[in-house]
Amino acid sequence: MAAQKNNAPKEYGADSITILEGLEAVRKRPGMYIGSTGERGLHHLIWEVVDNAVDEAMAGFATRVDVKIHADGSVEVRDDGRGIPVEMHATGMPTIDVVMTQLHAGGKFDGETYAVSGGLHGVGVSVVNALSTRLEATVLRDGYEWFQYYDRSVPGKLKQGGETKETGTTIRFWADPEIFETTDYNFETVARRLQEMAFLNKGLTIELTDERVTAEEVVDDVVKDTAEAPKTADEKAAEATGPSKVKHRVFHYPGGLVDYVKHINRTKTPIQQSIIDFDGKGPGHEVEIAMQWNAGYSESVHTFANTINTHEGGTHEEGFRAALTSVVNRYAKDKKLLKDKDPNLTGDDIREGLAAVISVKVAEPQFEGQTKTKLGNTEVKSFVQKICNEQLQHWFEANPAEAKTVVNKAVSSAQARIAARKARELVRRKSATDIGGLPGKLADCRSTDPSKSELYVVEGDSAGGSAKSGRDSMFQAILPLRGKIINVEKARIDRVLKNTEVQSIITALGTGIHDEFDISKLRYHKIVLMADADVDGQHISTLLLTLLFRFMKPLVENGHIFLAQPPLYKLKWQRSEPEFAYSDRERDGLLEAGRAAGKKINVDDGIQRYKGLGEMDAKELWETTMDPSVRVLRQVTLDDAAAADELFSILMGEDVEARRSFITRNAKDVRFLDV
């Protein structure tokens, strides 16, 4: 449904607000409410306020949301919805104070104020208030402007301002640095989430502005698909005065999920001209789906419930998968594209190269887990399956040429799967001949406790030799890579599994891949990719990350993957122990500190620039990169699966122009270039 104001007379007032619980435990245990006090938890504050604004749009009462990161680090979220009620509540305080100071107080419990919502689960704007040093709320409703502030959650006195015919809510908050490890918001993280929300709410305009840009930074004003978006007074003023020193993006997608699928497939080659899109409604349920196959080998299916990104899927995805597998097999047999004696195509065969977005709206959602990553409503599966069966069957019958292309791709995938199974069996037989069923070149650790064991995947034989000699063999295993690992983004699974290095990695980890993946069989809970600090080493690391993301994604999702950070420089002092620097800035700092202390650098070889791991002996490698007491490891996390999928497609896929554009666009962010 396009974002249009709903002028229905539904009353939204003090009686709509129900209190469930107070705020006592929030500051004491913030992780219980926002997941963590790190960067992810910090951004969760924005999501909570934005979710409330988007709920107004979903209910038909708002058409735009404006998000601004101020120069002082505070965040402002403004919508043109109905405005938070300000009249006196039954508790004896202004209703806005109830909303801001009582946990789980809101208008989402009666089933009428909001038919569906995404901003309720676990927290709400009251938790944002609890975790902020200050929060300011400006409300436009009942013909007036209202202002309220909260100093460490304690409300001031509600003030009535001038008259206005507009409606809406503006929330501005300052995250508490005593609670959070950082209060520095990531612009791209915020932009991706807001773009996602705009895709999911057809016609809604979401504008993001970042005022923290320094004078030296280039203006980054990216506006896409906004032809139908109404311009604000600020936008008109900006056009008149020219660009300002801010980052600014506007998201507006009249096509909704169709535009989302176009976005996912924009760096890939679609094998069908049209994008399949359909929707359906039932008592308390709605579903909307858009999908299109591409020539690639990876599945890219993204699911949402009440605009919440359900990373772990759930019953809506199960219903979609079951219907898709059934419809394609039935169509293939009916049209003789599969012989009667041929085995059915599997779901994996059919979903190869599929880009799809599934969005459901559920009146009484049941989310599994505190962070709402899996939908648990059992009735949703049958509802989605029924709609998909009807709509997909109709599309296949109405588009025989494109349907045949889709089926042929699935048949080709099945043939590759059979070849891959033979390759896997070959890997198993080969590994069985090695000692303990493990790769012969693996130097295993003595510990048999996976939670205490580490696997270093090391580029090159020489570095592998140094790592074997320098490691702590009690808990550190070493797997050297002798040859070049295959780019899995450009190869089908049967070719991938014939690659010797891939075979070694899969066998060493023990989990299997794809549908055979079993994380309980993981032999090392910390997998460290250790490559040279130059361009070639970074390429090797990217190839390995692509393999892990495409074939063993739960390892990334569960935080088992790390990148080693070997030093770039060795500083040799006269009559003093050498020091190691991991960046140009650290090198300069060590030089300045050393000289200030009266130390002198060696004349001939005082500053050694490492070109590769092989230049370090075993002792140096241990002291700088492998010793748990001093090493630096960067954990690989997966906050946005769609963004990660897109990035791997751009960097490792076939589209050269997309890769060139990405590099050009991000060149200004490169600080160190090894040439």
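Each Cβ is built from the backbone N, Cα and C atoms, and glycine gets one as well.
According to Swiss-Prot:
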- 453-567: domain 'Toprim' (DOMAIN)
- Glu459, Asp532: Mg(2+) 1 binding site (BINDING)
- Lys484: site 'Interaction with DNA' (SITE)
- Asn487: site 'Interaction with DNA' (SITE)
- Asp532, Asp534: Mg(2+) 2 binding site (BINDING)
Glu459 (Mg(2+) 1 binding site) in three-state DSSP notation: strand
Residue pair Lys484 (site 'Interaction with DNA'), Glu459 (Mg(2+) 1 binding site) - Cα distance, angstrom, rounded: 9
Distance [Cα-Cα, Å, rounded] between Asp534 (Mg(2+) 2 binding site) and Glu459 (Mg(2+) 1 binding site): 12
Asp532 (Mg(2+) 1 binding site) to Asn487 (site 'Interaction with DNA') - Cα separation in whole Å: 18
Per-region confidence, the domain 'Toprim' (453-567) (mean pLDDT, whole number): 88
Cβ-Cβ neighbours of Lys484 (site 'Interaction with DNA') (radius 10 Å): 12
All-chain count of other Cβ atoms within 10 Å of Asn487 (site 'Interaction with DNA'): 17
Neighbourhood of Glu459 (Mg(2+) 1 binding site) by C-beta distance under 8 A, where only residues 6 or more apart in the same chain count: Pro480, Leu481, Met530, Ala531, Asp532, Gly537, Ile540, Leu613
Asp532 (Mg(2+) 1 binding site), number of other Cβ atoms within 10 Å: 22
Cβ atoms near Asp534 (Mg(2+) 2 binding site) (within 10 Å, other residues, all chains): 14
